[in-house]
């Protein structure tokens, strides 16, 4: 199906060849990390310790567990929400509605897991199933992406994403053709964006902590820090779930393999890498250094939450006393750009806070292995790339106002560095 005239966006991620390469490279990288984390040398660079056979990857029980997890999170998504938020205005001038009950889903999941563990659920066996679970999640993401692509073939032009309707099957399958694929009020992209992957990440971390307690008598201080830092991050994302409605993932990118694999497989199985590493490679950590690492994470979170809250408050009500005195630049679209407060320091202060927290998550793992720092390195590359995409879109959208903003706020993420 040819894309509607005038709706094409510039190709990203290296076009069809880049999309094909990423669809192969991302799962391979994920499995490489899972294998290396449990190996003796734990070397990030170099070949994996061994290549798993089909019997080690495929497990019908793992697939059943994966689908059950998705079903549970979908059921929690459908529960009454404390608030229903409206999304951004679409091409047809309508606005979709979204339940903001993600934090409720996290709490209910914790209660269910707690009841299960008290009833004898062997949660500590989960780390031994990470390979087949990751394979099941990858398979699910591929099949789900195919169904999304087929559904998008029947979608009206107004429902298509700006960049996912190039006419090239591989590229559109990767990036996603439809912007907001839904069945009735169930929004697949919004559901997958935070729920299954982030809550699954916390669950895997908890299972690794419990297994370490069984192996060594009690969880290490390093394991407690990693679990605590990352639980705070996930809890924050789900408490402020409404904020995701203004992100690039929701308002610009279609829902294809890139987001489906990222949400369902990449996030839970690679973001838990530090906890995986600590289970197989325990690291000594004293209270003085632990306190310093906590301070680093607190600084990162303070910047991250402060910047995001300031932006969200300003978007909702520019006259709010907390943001009314901030300096702004008017744009031709009628929106105003903040040039003071957090957003006068750098163009993406939330990214700066994110990166500081990412570093704090890796530091409990010591400094003698590169593997636990994969997330920090990967996330740096991801945010720099995302910032570049955002830069191009804002330049096109705001024109001269954006050039003035860049003159007033010259640094993108790190003050005086980048």
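Just so it is clear, glycine is given a Cβ too, placed from its N, Cα and C backbone atoms.
If you look up Swiss-Prot, you'll see 311, 315, 338, 343, 350, 351, 390, 394, 395, 396, 397, 398, 405 marked as NADP(+) binding site. In the three-state DSSP reading, residue 350 (NADP(+) binding site) counts as helix. The C-beta environment of residue 350 (NADP(+) binding site), restricted to residues of the same chain at least 6 apart in sequence and closer than 8 Å, consists of 303, 304, 307, 308, 311.
For 13-35 (among others), the entry in Swiss-Prot reads transmembrane segment, with the evidence type sequence analysis. Remote same-chain partners of the transmembrane segment (13-35), defined as residues 6 or more beyond its termini with a Cβ less than 8 Å from a stretch Cβ, comprise 44, 48-50, 52, 130-131, 134-135, 138, 168, 170-171, 173-175, 257-258, 261-262, 265-266, 269-270, 273, 276, 371, 374.
Sequence-distant contacts of the transmembrane segment (62-81) (same chain, six or more residues past either end, CB-CB distance under 8 Å): 99-101, 104-105, 108-109, 112, 129, 132-133, 135-137, 139-140, 186, 191, 195-196, 199-200, 264. Under the heading transmembrane segment, Swiss-Prot lists 62-81 (among others).
Among the features that Swiss-Prot reports, transmembrane segment is placed at 102-124 (among others), with the record citing sequence analysis. Long-range contacts of the transmembrane segment (102-124) within the same chain: residues 72-73, 76-77, 79, 81-82, 194-195, 199, 202-203, 206-207, 210-211, 214, 234-235, 237-239, 241, each at least 6 residues beyond the stretch ends and with a Cβ under 8 Å from a Cβ of the stretch.
Residues 27, 30-31, 34-35, 52, 56-59, 61-63, 65-67, 70, 173, 176-178, 181, 188, 204, 255-257, 260-261, 264-265, 268-269, 276 of the same chain lie 6 or more positions beyond the ends of the transmembrane segment (129-148) yet place their CB under 8 Å from a CB of it. For 129-148 (among others), the entry in Swiss-Prot reads transmembrane segment.
Swiss-Prot lists 255-277 (among others) with the feature transmembrane segment, giving sequence analysis as the kind of evidence.
Positions annotated as transmembrane segment by Swiss-Prot: 287-304 (among others).
What Swiss-Prot records for 355-377 (among others) is transmembrane segment. Beyond its flanks by at least six residues, the transmembrane segment (355-377) meets 33, 36-37, 42-45, 221-223, 225-226, 229-230, 233, 270-271, 273-274, 277-278, 281, 283, 285, 290, 293-294, 296-297, 299-301, 303-304, 383, 413-414 of its own chain at Cβ-Cβ distances under 8 Å.
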Count of other CB atoms lying within 10 Å of the CB belonging to residue 405 (NADP(+) binding site): 22
Same-chain residues at least 6 apart in sequence whose Cβ lies under 8 Å from residue 395 (NADP(+) binding site): 402, 403
Proximal but sequence-remote residues of the same chain as residue 338 (NADP(+) binding site) (Cβ under 8 Å, at least 6 apart): 310, 311, 314, 323, 326, 327, 328, 344
